[in-house]
Amino acid sequence: MRLTETNPGNQYLVEEIQLELATKRRLESLGMTEGSKINVMRKKRNGAVIIKIRGTRFALGREIVMGIKVRDRAGKRDLS
Amino acid sequence: MSAEELQVGFVGNPNCGKTTLFNAYTGAKLKVANWPGVTVEKKEGALKYHNHMYRLVDLPGIYSLTSYTMEEKLSREYILQDDVDVIVDVADASALERNLYLTLCLIELGKPVILALNMMDIVKERGMELDLHRLPEVLGIPVVPVSARKKTGLEVLMHAVAHHKVEGNDRQVFDYPDRIEEKITQIRLRLKEKYPDMPNSRWYAIKLLEQDEEVTQKYGTLVKGIVDRSYENDIINEKYHFIERVMAEVLVNKEKKEAFTDKIDNVLTHPVLGIPIFLGIMAVVFFLTFTVGDFLKGYVEMMIDYVSGYIIGGLESLGAGAWVISLMKDGVFAGVGGVLSFVPNIFILFLSLGLLEDSGYMSRVAFVMDSVMDRLGLSGRAFIPMLLGFGCSVPAVMASRALEDERDRKRTIMLIPFMSCSAKLPIYLVFSQLFFGKAAMLVAYSMYILGLVLGIFVAFVHSKMLKGSVKQPLLIELPEYKTPNKRTIAIYVWSKLKDFLSKAGTTICAASIVMWVLLNLNHTGLVSDMSQSFGASFGKFLVPLLAPAGLGLWQIAVMLISGLAAKEVVASSFMVLFQVSSSSDANIVHMLSGMGFTSLNAYCLLVFCLLYTPCLATVMTIRKETGSTRWTLGLVAFQMVFAWAVAVIIYQVGSFLIP
């Protein structure tokens, strides 16, 4: 599912980032790599979110949020 | 014997405390705050420890060493220079996992790196524990815990710098999977063939595999056939895998409590309440600025009166000429003294802004305002420079550098002069108190709102005109909230007050003297009636133009022109022109209304001052930041016309409604 379809307060795993290369690489160097855990803290009506990856909070605008695909942790083996 | 000089680069993630550490060493008073991107330029400082001279360089914060952003490119170029001896990688220990990514990138560069672990106190507070013996073992570089705020570990760190310079990073920290390592070896061989002296060929090889734009441009042709695709994604992933293994080894206790920031964020970043809360906070800031500031202002006025009385008395007893006494009394003291009496208001304003900046709220505002800014075709990030504009436009324009897209940056710069900066505050206070009595605070407050609304309106129209422009989406780190640091705030407020005081001593003082000369002289010499002076004849020339805006007095024209030097000068010129002695001088109001200048005219004057061309310093900064004289002049002209148009509308509608 897309990050836009998630619920605040839950944890997901990053599946794929479909964004232009520069933005994608920036997110990756912030630790948003494939399979990493992502906590959705807040969602705004315009699509902006606050997330937490590897212990740090980031605010992301709608255009970025749309391009991030995540999957539910349910049914997966807990890796932590 | 001259001491050996070491050049030390401070590198680290944004908001990790680099500048605080730099200040602690050099005694410099560079601005520090709790939001990412405060440092936009590299700064240098020097110090001496034992036998070594150290040249420290503070660089803007970065997350990695790619060539995708300006800051990263510049930092990378700087580090690759030969004259940098040692890199101090400043890391926020409470966010070690993310900070280690940059550490690995730096180690790969091949220069001697030392990891300075900052904010260990926060780590302890949260009940986490780091194994500081294991960390240097797995990273292969020295690790020194420091506290930039409490100034501990500073000597140890510089000691390590001096030692590490000789030793360097001798070993490779970790290996990529075989398929990547094989490619790296192949590329290194080819590089060695062509450039036998290349010092860090491993780094260039890795960058070539990542198909890094800059490095590929230089050496790309050499490695044809080896680099079949970009391995950047694999390389980033491998680094983070390694970091995960490191963290598993060194993090003894996982954090137990971090609810503090989350709890505050539950309220401050609330989807519905976020904006009202922000407006409420700003309302409190300005309420304090007006009330507490005014309370203190009385004392400052008394002091200024005492000092000026003493000096004038002294001059009289020395038998100084009448014109000297008039110049001092009606020129310098009326102008400079008048503006100086606003020091308390400005103090409170900057104190409040400093507290906001240091608490960590700033980047939350970027998130909260993202929906509003979205409609203007700007990201919420652009709101931070706007907010800084309430203090002073010059640093606000410079802060817009954090926006990567040039069009975003220009649109943000365009918005900043609409904010009511601290220099406009004295104008608001003088006229609102003279003309609006009890409603004074409301009138001053309306200027802040009007500026914000009109600025947003202009940006909105601009974004509609430039269709198809792609805005840079919001991406900003939200730091942990912290109790503002007394020293940081003190440095910040004092530097702002010092700016203001030195402006009073230079620009405003000079403007007051020039004003006195223009108003007391004409071609025949000294005049007894100001309306016969040079200044008056010049002002009268502009009267027909300003009349439709309700500003058709030659004195007003002179005031507005003088305000181009600095906005406070509008207030100081007013004092010189009308010999205003106190903020509630009923005679002045009476006299002005006799000249047809009523509260409606006063309001139009405030609106005009809010909107017209920013001060010279801001114009110069805009020119420097945009690199375009044409664009800057266009903006200046636009603001002049816009201010005139808005003032005309308000005056015409107002005089229609109030017969």
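Just so it is clear, glycine is given a Cβ too, placed from its N, Cα and C backbone atoms.
Predicted automatically and left uncurated, TrEMBL annotations should be read as such.
Taken from TrEMBL, the feature domain 'FeoB-type G' covers B:5-167.
For B:272-292 (among others), the entry in TrEMBL reads transmembrane segment.
Within its own chain, the transmembrane segment (B:304-325) has Cβ neighbours under 8 Å at 333, 337, 340-341, 520, 526, counting only residues six or more beyond its boundaries. What TrEMBL records for B:304-325 (among others) is transmembrane segment.
Annotated transmembrane segment per TrEMBL: B:332-356 (among others), in sequence order.
Per TrEMBL, transmembrane segment is recorded for B:382-403 (among others).
Note on the transmembrane segment (B:415-436): residues 289-290, 294, 338-339, 342, 345-346, 349-350, 382, 385-387, 389-393, 396-397, 400, 442-444, 447-448, 451-452, 454-456, 458-459, 496, 500, 566-568, 570-571, 574-575, 580, 583-585, 588-589, 598-599, 602-603, 605-606, 609-611, 613-615, 618, 635, 639 of its chain, located 6 or more positions outside it, place their CB under 8 angstroms from a CB of the stretch. If you look up TrEMBL, you'll see B:415-436 (among others) marked as transmembrane segment.
Long-range contacts of the transmembrane segment (B:442-461) within the same chain, counting only residues at least 6 positions beyond its ends with a Cβ under 8 Å from a Cβ of the stretch, are 282-283, 286, 290, 372, 375-378, 386, 390, 411, 414-415, 418-420, 424-425, 428-429, 432, 435-436, 603, 606-607, 610-611, 642, 646. The annotation transmembrane segment is assigned in TrEMBL to B:442-461 (among others).
For B:500-521 (among others), the entry in TrEMBL reads transmembrane segment.
Annotation source TrEMBL lists transmembrane segment at B:541-562 (among others). Cβ atoms under 8 Å from those of the transmembrane segment (B:541-562) belong to residues 511, 514-515, 518-519, 531, 535, 569-570, 573-574, 577-578, 595-597, 600-601, 604-605, 608-609, 612, 644, 647-648, 650-652, 654-655 of the same chain, restricted to positions at least 6 beyond its ends.
The feature transmembrane segment is assigned by TrEMBL to B:569-588 (among others). Tertiary proximity for the transmembrane segment (B:569-588) is limited to same-chain residues at least six positions away from its ends with a CB under 8 Å from its CB atoms, namely 301, 330-331, 334-339, 342, 426-427, 429-430, 433-434, 507-508, 511-512, 515-516, 519, 530, 555, 558-560, 562-563, 609.
If you look up TrEMBL, you'll see B:600-619 (among others) marked as transmembrane segment.
Residues 410, 413-414, 417, 454, 458, 545, 548-551, 600-601, 603-605, 607-608, 610-614, 619, 622-623 of the same chain, all 6+ positions outside the transmembrane segment (B:631-653), place their C-beta atoms under 8 angstroms from a C-beta of that stretch. According to TrEMBL, the feature transmembrane segment maps to B:631-653 (among others).
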*State, in range form, which of B:272-292, B:332-356, B:382-403, B:500-521 has the highest count of Cβ pairs under 8 Å to the transmembrane segment (B:600-619).*
B:382-403
*Stretch among B:272-292, B:332-356, B:382-403 sharing the most Cβ pairs under 8 Å with the transmembrane segment (B:500-521)*: B:332-356
*the transmembrane segment (B:272-292): which same-chain residues, six or more beyond its ends, come within Cβ distance under 8 Å?*
344-345, 348-349, 352-353, 356, 361, 365, 367-369, 372, 390, 425, 429, 441, 444-445, 448
_Mean per-residue pLDDT computed across the domain 'FeoB-type G' (B:5-167)_ = 86
